[in-house]
Amino acid sequence: MKPHFRNTVERMYRGTFFYNFNNRPILSRRNTVWLCYEVKTRGPSMPTWGAKIFRGQLYPEAKDHPEMKFLHWFRKWRQLHRDQEYEVTWYVSWSPCTRCANSVATFLAEDPKVTLTIFVARLYYFWKPDYQEALRILCQKRGGPHATMKIMNYNEFQHCWNEFVDGQGKPFKPRKNLPKHYTLLHATLGELLRHVMDPGTFTSNFNNKPWVSGQRETYLCYKVERSHNDTWVLLNQHRGFLRNQAPDRHGFPKGRHAELCFLDLIPFWKLDDQQYRVTCFTSWSPCFSCAQKMAKFISKKKHVSLCIFAARIYDDQGRRQEGLRTLHRDGAKIAVMXYSEFKHCWDTFVDHQGRPFQPWDGLDEHSQALSGRLRAILQNQGN
């Protein structure tokens with residue numbers, strides 16, 4: 001039996017979609033929340049029997065929020081369909097507020113036959129600790145039911161355009177900064193939910209053998225510390241990892257290196273004028289262009305010091321050597337990762353599930369050899 005839908009919208013106007021699903025991280029005057037949803041029965045064919053839109057306001061009572069409207073409707077309908085398993089997907093213009101996140105977490109705990117994936121265009125009050133904690137509770141994986149939350153990227157915006165927008169036959173045209181904003185929001189959500197790296201991803205990409213093949217990605221793990229009473233205090237809210245963005249005709253046509261994604265992220269933190277130390281652990285040392293831009297950043301931000309530990313040196317010939325020298329000359333500390341840095345990354349950024357770091361054969365020897373090469377590069381100021 002098909003469900004009876006109330007308080008829903010069949011399709012939204014194109015202007016409504018572009019205005020409300022703008023993924024610019026900081027926006028004002030977006031007080032209406034749009035929630036597009038799909039409900040599928042879990043099984044081999046997984047037919048979609050519900051695909052509609054709820055709309056609500058940010059500031060009235062929580063019962064007026066679209067998440068609460070959906071839960072009210074779905075709970076009533078589920079009373080007649082308790083035995084069926086469902087997969088629910090939301091596409092929302094704002095991530096849930098604290099009360100909605102708590103209500104959704106309670107709903108999932110009460111109804112383990114329902115799985116929920118939430119794609120969000122923007123993060124609501126992501127800098128407030130109570131909002132951060134509510135989303136962590138909603139998405140925690142401690143063996144119980146939880147939601148999966150992701151940032152909308154091109155494919156999700158395209159899907160919403162096709163399924164929920166009265167496009168009048170016109171194709172979806174993404175905003176120019178959609179991929180850059182996605183990268184910022186994706187990294188911020190990773191910080192907020194404390195995402196960790198798969199162990200295989202870490203050991204494959206951070207292996208410090210001097211010659212490797214097939215590893216085109218760069219991973220960058222980072223942490224931020226603030227000076228307080230002559231000691232460095234770790235800021236847990238600014239800790240995570242990034243990787244380079246592959247070339248994408250819908251996003252970055254030429255791709256975007258992890259270091260540049262990281263530089264995009266730092267202003268988003270809105271650091272004050274106190275002294276900060278930023279430490280990066282990278283699978284490859286920066287290329288010439290990235291090194292130059294990182295050097296420009298620290299030369300302008302005198303209150304931010306930068307430490308870079310690289311697992312390997314990226315093609316250290318010619319201009320790339322000069323890029324590292326410029327970065328070093330402008331005040332960055334550059335070093336090769338040794339056992340202690342690999343172990344720290346494993347303990348801090350990897351989903352190790354209690355397993356200790358196991359060094360691979362030749363780790364120390366490779367680290368010593370790479371350190372010698374790096375010293376030669378940095379000391380060769382005349383070339």
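Glycine is no exception: its Cβ is also placed from the backbone N, Cα and C atoms.
Site annotation (Swiss-Prot, ligand Zn(2+) 2) includes CYS287, CYS290; from HIS257, HIS303, the additional listed residue is HIS257.
As stated in Swiss-Prot, the feature region 'Interaction with DNA' covers range 312-319 out of the listed 80-87, 312-319, 360-367. Binding of Zn(2+) 1 is attributed by Swiss-Prot to CYS97, CYS100, and the same site annotation extends, among HIS65, HIS72, to HIS65.
For CYS287 (Zn(2+) 2 binding site), the recorded positions whose C-alpha atoms fall inside a 10 Å radius of its own C-alpha are GLU259, out of THR32, THR218, GLU259. Across the residues of the region 'Interaction with DNA' (312-319), the predicted structure has a mean pLDDT of 75. You'll find the Cα of GLU259 (active site, proton donor) roughly 6 Å from the Cα of CYS290 (Zn(2+) 2 binding site). Residue with the densest Cβ environment among the binding-site residues CYS287, CYS290: CYS290, by other Cβ atoms within 10 Å. Other residues of the chain with a Cβ within 8 Å of the Cβ centroid of HIS257, CYS287, CYS290, the Zn(2+) 2 site, are THR218, ALA258, GLU259, LEU260, PRO286, PHE288, SER289, ALA291, LYS293, TYR314. Across the domain 'CMP/dCMP-type deaminase 2' (214-327), DSSP assigns 34 helix, 39 strand, 41 coil. Counting only same-chain residues six or more apart in sequence, the Cβ atoms lying under 8 angstroms from the Cβ of THR218 (phosphothreonine) belong to ASN205, ARG243, ASN244, HIS257, ALA258, GLU259, THR282, SER283, TRP284.
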